[in-house]
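Student: Dumping the structure here so I can ask a few things about it.
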Amino acid sequence: PFYVYAICGIAWFCFWWKTSYEKPSTHPKISAEERDYIEESIGEVDLPPSLKNIPWKAIFTSMPVYAIIVANIARSWSFFLLIMKCPKYLKQVFDCTTAESGILSSVPHLIMAIIVPISGQLADRLRKRTLTTTAVRKIFNCGGFGMEAFFLLIVAFANSYTTAMAALILAVSFSGFAISGYNVNHLDIAPRYASILMGLSNGIGTISGILCPVIVEYITTQGTKRQWMWVFILASSIHFFGVIFYAIFASGEKQHWAEAAEDAQMKEWVPPEEVPQNIVHSGYGYGNDEGGNLEASVRQPLYENTERTIGGQQQQRPYMTQTYRSSNNRSIAEDDAYHQAY
């Protein structure tokens with residue numbers, strides 16, 4: 001079978017290398033409509049960050065980031081536990097043959113493969129029509145992990161093969177809903193740094209996958225039912241902790257440190273409280289004929305033609321067309337008052 005896996009891996013790599021592209025704008029066959037939809041959905045990721053401008057301090061002090069990491073740790077623990085140790089559990093506790101335990105261990109993951117796309121569609125529908133992104137992420141992640149933790153507890157105390165298998169199938173199936181929680185949360189909180197957060201959380205989560213089989217081997221030295229009970233109690237406890245931590249600290253909103261520099265400057269802009277007198281005297285009216293009523297102009301911006309004549313030529317003012325009223329035939333000297341004030 002190892003040769004088969006190797007050949008499949010090589011075939012997949014060749015297919016991926018031929019058909020994948022770095023970003024939607026570089027794909028030769030994508031339609032303009034689809035490209036715009038993808039780029040608008042995932043945000044400003046066209047300008048990849050460099051090591052110098054990545055806000056490392058903000059990332060490592062962000063609780064939503066740690067919520068994703070903790071969720072990844074919990075998921076990796078149970079994933080590697082069931083992938084690597086479930087056949088051994090079925091063989092030692094219920095005397096299943098190697099072939100039987102291998103086939104039965106794959107059933108929960110086949111069902112999860114069906115659950116994951118369904119949960120993704122459901123999550124997107126709820127985001128568009130009913131709930132906030134934060135609420136959707138918490139419901140799917142905490143609901144999926146919570147139910148998985150509950151059924152792992154049932155596995156721990158199950159006395160029959162049927163009960164244990166049913167609980168295992170349900171536990172893994174519900175974990176598929178969590179994929180629509182923590183696993184896509186990187187794009188919510190930091191579109192520009194989603195790949196970095198994915199690598200960070202996935203890397204740390206894999207550490208639990210390395211420790212899990214070692215700890216399981218340490219606990220199940222005799223392979224008794226009682227020892228396996230503690231294995232599943234530990235897995236359930238880790239998931240319950242992940243549920244609580246994610247419910248408290250997770251977020252579906254883009255974090256302030258993930259803003260592009262231009263967007264951050266625009267959000268920090270505050271309109272002036274008073275209009276400088278040299279602008280008022282130069283004739284720029286802010287929403288009224290007398291000029292100077294800034295508050296009214298902000299509430300009701302003007303949409304007027306800003307063309308004027310200078311030296312016998314028609315020119316268009318491209319700036320501040322919604323915040324002031326300009327009159328025709330204004331001299332360049334009068335225009336300078338506006339630029340000097342701002």
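Every residue, even glycine, has its Cβ placed from backbone N, Cα and C.
Per TrEMBL, the feature compositional bias 'Polar residues' maps to 311-331. Positions annotated as compositional bias 'Basic and acidic residues' by TrEMBL: 332-342. Annotation comment: TrEMBL describes 308-342 as region 'Disordered'. Residues or ranges marked as transmembrane segment in TrEMBL: 65-83, 135-158, 164-184, 196-216, 228-249.
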Student: Check the transmembrane segment (196-216) against the transmembrane segment (135-158) for contact, please; criterion is three or more CB pairs under 8 Å, pairs 6 or more apart in sequence.
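Tutor: The transmembrane segment (135-158) and the transmembrane segment (196-216): touching, no.
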Student: What else in the chain is close to the transmembrane segment (164-184), if you only count residues 6 or more beyond its ends and a Cβ gap under 8 Å?
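Tutor: Residues 67-68, 71-72, 75, 78-79, 82, 86, 90, 93-94, 104, 107-109, 111-116, 119-120, 122-123, 136-145, 147-148, 150-152, 154-155, 158, 201, 246, 250.
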